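Dropping a structure here in structure tokens format, bear with me for questions.
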Amino acid sequence: MEKSKGQMKSRLSYAAGAFGNDVFYATLSTYFIMFVTTHLFNTGDPKQNSHYVLLITNIISILRILEVFIDPLIGNMIDNTNTKYGKFKPWVVGGGIISSITLLLLFTDLGGLNKTNPFLYLVLFGIIYLVMDVFYSIKDIGFWSMIPALSLDSHEREKMATFARIGSTIGANIVGVAIMPIVLFFSMTNNSGSGDKSGWFWFAFIVALIGVITSIAVGIGTREVESKIRDNNEKTSLKQVFKVLGQNDQLMWLSLGYWFYGLGINTLNALQLYYFTFILGDSGKYSILYGLNTVVGLVSVSLFPTLADKFNRKRLFYGCIAVMLGGIGIFSIAGTSLPIILTAAELFFIPQPLVFLVVFMIISDSVEYGQWKTGHRDESLTLSVRPLIDKLGGAMSNWLVSTFAVAAGMTTGASASTITTHQQFIFKLGMFAFPAATMLIGAFIVARKITLTEARHAKIVEELEHRFSVATSENEVKANVVSLVTPTTGYLVDLSSVNDEHFASGSMGKGFAIKPTDGAVFAPISGTIRQILPTRHAVGIESEDGVIVLIHVGIGTVKLNGEGFISYVEQGDRVEVGQKLLEFWSPIIEKNGLDDTVLVTVTNSEKFSAFHLEQKVGEKVEALSEVITFKKGE
């Protein structure tokens, strides 16, 4: 009971942290630029205002690109941290507090310096923005790196990630719901629906307060688990990231396509508030849009597994792009009709979480593709590519948003009534034509260059399994006699009779099979986990004597991509005989027309001259019963 309460406290605290993290990020990446373009400078000269706005935007873009080069240093700094409070929590709490305070400063004119001494203001703005950005990165990297440190249980990690995803989704969308009501409530003047500096300051104050409170909640409510397998992590450099990109063509082309896609959607998303303020003329209605987005986003994510199974990822991706382009087309002619605007905006928004998940899954699959192609596994480096692309795209889209807003006259003092037809046309080119073009470029790259389908990935994983067996078949064995116990309860099957060519032929090593009656899989020998596939259906263990044992649950189960499997171990873990390794659910395997037979082999069985089954084929054997003995010749 105490453990359950502790886990729930940790999940809720981590979800709160994700909520605060995305409230902060949405404010910084989408809404801060609105404050800069419409409220920060009011010199009385529109050209001078636009000049300063573009200078500020250039500073922001340069600093955000610079952050890409700083991030690996931050990651290595966090990796080398060792305090009594843990590795990550000090950075999450400290980074959250400092970044929140500096964000609040950015929503001010620094005591009127922007008027009395614009040059000094720009210098101080750059310094404060850099401090804010660096400490937000420290918090962000530390926060999202915490999950492996909060539990060694794969199942608990998945629950933790689910809680975080919910908190993140709500946080990202609730800002859109609340921003204009808060800004207008605290503003002294309405300014045609865009509020004033006072309103934006108090909005930033609330965001900063949420950032501080949720960061502290993570520090108090979570507990990092000590484990030797978390020590000596490989350090990541930007050079290594680009090296991995160069060696992994699927990752490289997907990253390029995703960058073009992200540039388009980030630009359009950030310009929506401008549309509601300067085209529709009612910024308060923007809350309705993001209220819908919050609900629709959660539903969209929940439908992903079903849609991916029915259409496959690439078809789902193309379908999403088509729906989004349709939404852009309708949005471009919606004018001031709120029902049409909301319909178009939702058509554009609904597929976005699905596209993100498609891209994330292909990037995850490219880990095995890269391993298959180069012979070494670069998991952390491969997965670090997406955040890198997001940041580069975000920096560019911020610059574009500012440029389009200035070109359309949507700066300090502007309102829907002052925007001319020509300026509306320029704005719509930036908001609709440009994103549509970049999304089409991204989709074209994916269509022409991405060949890593689910089926191909399954074959690659099977090939990696085979390579593991071949690579370890020559491992020297110190012991003369080795006995294995059954990893699960079921009926003993002759390995040569199973419906898998590699296992039946003995090319994966000698061993046995079990037709299971239970879903728990235990270690048949003591040793170290040398391989645990991301699909969680196979585990490789090396004993202290050099014996390599492969436990493979099911035939063709790689196609399930982990569905129906729970892993309790990680690569590098030390396990004892009888320790639970996996759990699987046979109904899911059978529902997909697959065989749930558990296959067990000694991949370096060639080092033994003989083996003997201690149980009769066809008879039921209990888990952890002695089942096979390998012997060397005299």
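Keep in mind that glycine also has a Cβ here, set from the backbone N, Cα and C atoms.
Straight out of Swiss-Prot:
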REGION    1-490  region 'Permease'
TRANSMEM  16-36  transmembrane segment
TRANSMEM  54-74  transmembrane segment
TRANSMEM  91-111  transmembrane segment
TRANSMEM  118-138  transmembrane segment
TRANSMEM  166-186  transmembrane segment
TRANSMEM  200-220  transmembrane segment
TRANSMEM  251-271  transmembrane segment
TRANSMEM  288-308  transmembrane segment
TRANSMEM  316-336  transmembrane segment
TRANSMEM  340-360  transmembrane segment
TRANSMEM  399-419  transmembrane segment
TRANSMEM  425-445  transmembrane segment
DOMAIN    500-604  domain 'PTS EIIA type-1'
MOD_RES   HIS552  phosphohistidine
What is the pLDDT of the region 'Permease' (1-490) when averaged and given as a whole number?
86
Below 8 angstroms Cβ to Cβ, which residues of this chain, lying six or more residues outside the transmembrane segment (288-308), approach it?
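Contacts of the transmembrane segment (288-308) (Cβ under 8 Å, skipping residues fewer than 6 from its ends): 165-166, 169-170, 173-177, 272, 276, 316, 338, 341-342, 345-346, 349-354, 357-358, 361, 563.
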Note down the number of other Cβ atoms within 10 Å of the Cβ of HIS552 (phosphohistidine), including every protein chain shown.
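Counting Cβ neighbours of HIS552 (phosphohistidine) within 10 Å gives 27.
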With helix taken as DSSP H, G or I, strand as E or B and everything else coil, how many residues of the domain 'PTS EIIA type-1' (500-604) land in each class?
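Secondary-structure breakdown of the domain 'PTS EIIA type-1' (500-604): 15 helix, 47 strand, 43 coil.
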Select the range from 91-111, 118-138, 166-186, 425-445 that forms the most Cβ-Cβ pairs under 8 Å with the transmembrane segment (251-271).
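So the stretch in question is 425-445.
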Excluding the flanking five residues on each side, which residues at least 6 beyond the ends of the transmembrane segment (340-360) place their CB within less than 8 Å of a CB in that stretch?
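Contacts with the transmembrane segment (340-360): 169, 254, 258, 261, 265, 268, 272, 275-276, 280, 288-289, 292-293, 296-297, 300-301, 303-304, 307-308, 313-314, 316-317, 319-321, 323-324, 326-331, 334, 386.
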Need a quick answer: max count of Cβ pairs under 8 Å to the transmembrane segment (91-111), which of 16-36, 118-138, 166-186, 200-220, 425-445 is it?
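The stretch I would name here is 200-220.
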For the transmembrane segment (200-220), I need the partner stretch with the highest count of C-beta pairs below 8 angstroms, choosing only from 16-36, 54-74, 166-186, 316-336, 425-445.
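When the Cβ pairs under 8 Å are tallied, 16-36 comes out ahead.
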Which listed stretch (16-36, 118-138, 166-186) has the most C-beta pairs under 8 A with the transmembrane segment (54-74)?
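Per the Cβ count, the answer is 118-138.
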Residue list, the transmembrane segment (16-36) vs rest of chain: Cβ under 8 Å, 6 or more residues beyond ends.
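Answer is 53, 56-57, 60, 92, 96, 99-100, 103, 106-107, 136, 139-140, 143, 163-176, 179, 200, 204, 207, 210-211, 213-215, 217-218, 221-222, 266, 269-270, 273-274, 394, 398, 401-402, 405.
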